[in-house]
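Colleague: According to TrEMBL, the record shows the following:
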- 25-50: transmembrane segment (TRANSMEM)
- 40-289: domain 'G-protein coupled receptors family 1 profile' (DOMAIN)
- 57-77: transmembrane segment (TRANSMEM)
- 97-119: transmembrane segment (TRANSMEM)
- 139-161: transmembrane segment (TRANSMEM)
- 199-224: transmembrane segment (TRANSMEM)
- 236-252: transmembrane segment (TRANSMEM)
- 272-291: transmembrane segment (TRANSMEM)
Amino acid sequence: MENYNQTSTAFILLGLSPPPKIGHFIFILINFVFLMALIGNISMILLIFLDIHLHTPMYFLLSQLSLIDLNYISTIVPKMVYDFLYGNKSISFTGCGIQSFFFLTLAGAEALLLTSMAYDRYVAICFPLHYPIRMRKRVCALMITGSWMIGSINSCAHTVYALRIPYCKSRAINHFFCDVPAMLTLACTDTWVYECTVFLSTTIFLVFPFICIACSYGRVLLAVYRMRSAEGRKKAYSTCSTHLTVVTFYYAPFAYTYLRPRSLRSPTEDKVLAVFYTILTPMLNPIIYSLRNKEVMGALTRVIQNIFSVKM
């Protein structure tokens, strides 16, 4: 393993480090997932923009989720592909900071946006008469702007700290991207204070929002149970179960990774979990929302029909 002194300006990303026999298969699979994520999220954004029936707060927030996922996976995978193709796993000190900043910003923004989407469903089902007031365009814009701003502020604090601490061990990061906790294992100073801030940050961005989501959906399920219309109950259950599926896929591996103390963490396990929330989740979100949502499928049908009618 190559060693670097403290004045070195580059890190080495060790990557997933699969056995040689399955390395090419994993490379092809990751490229396929990346392509599917790009197609799915871009399609979702365009569909919501083009179909007037989807110009509602719920789908406005969903389009922002697709935008975040699109940038999220693009922050990680292109560098992985480049490293595999050219065998150059180095990343500059500045490049590592930029990647870490965007990753943390998008991760925090998505966690807060999922909470906003849960609030949207809560108001729509529990207070339908108040929905046009509580979820007007200005409120949606504030939710989205707040998610991005809070995510970027939190990210800036973590990234600045990671770039300012001295690194006097090997510069080889045992990960496939510049994950701050993985970087801190290379520090030559005690980082227990920062590890406490990571725990606090994770609690604020994951645990508290998840508790809020769980409480809101408890109220939602109670309201749905009291509905007289069977069709209304079916639609509400479908919408809520879709969102809960997305929340679980995103929050669970993230929280399990960052809430554990360093002594209980394994680099291999961290990388496997990171694949789930950085690569698989951005691909799965548009699939889950499209396949389990009749309004999205109906909008897709209308857009396709309009395209073919224009050509003819």
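Glycine is treated like the rest: Cβ placed from N, Cα and C.
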Colleague: Does the transmembrane segment (199-224) come close to the transmembrane segment (25-50), meaning at least 3 CB pairs under 8 Å for residues 6 or more apart?
Modeller: no
Colleague: Give me the stretch from 57-77, 139-161, 199-224, 236-252 with the greatest number of Cβ pairs under 8 Å to the transmembrane segment (97-119).
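Modeller: So the stretch in question is 139-161.
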Colleague: Which range out of 57-77, 139-161, 272-291 gives the transmembrane segment (199-224) the most CB pairs under 8 Å?
Modeller: 139-161
Colleague: Residue list, the transmembrane segment (139-161) vs rest of chain: Cβ under 8 Å, 6 or more residues beyond ends.
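Modeller: That would be 57, 60-61, 64, 97, 100-113, 116, 119, 180, 194, 197-198, 201, 205.
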Colleague: Restricting to the domain 'G-protein coupled receptors family 1 profile' (40-289), report the mean pLDDT as a whole number.
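Modeller: Summarising the domain 'G-protein coupled receptors family 1 profile' (40-289) by its mean pLDDT gives 87.
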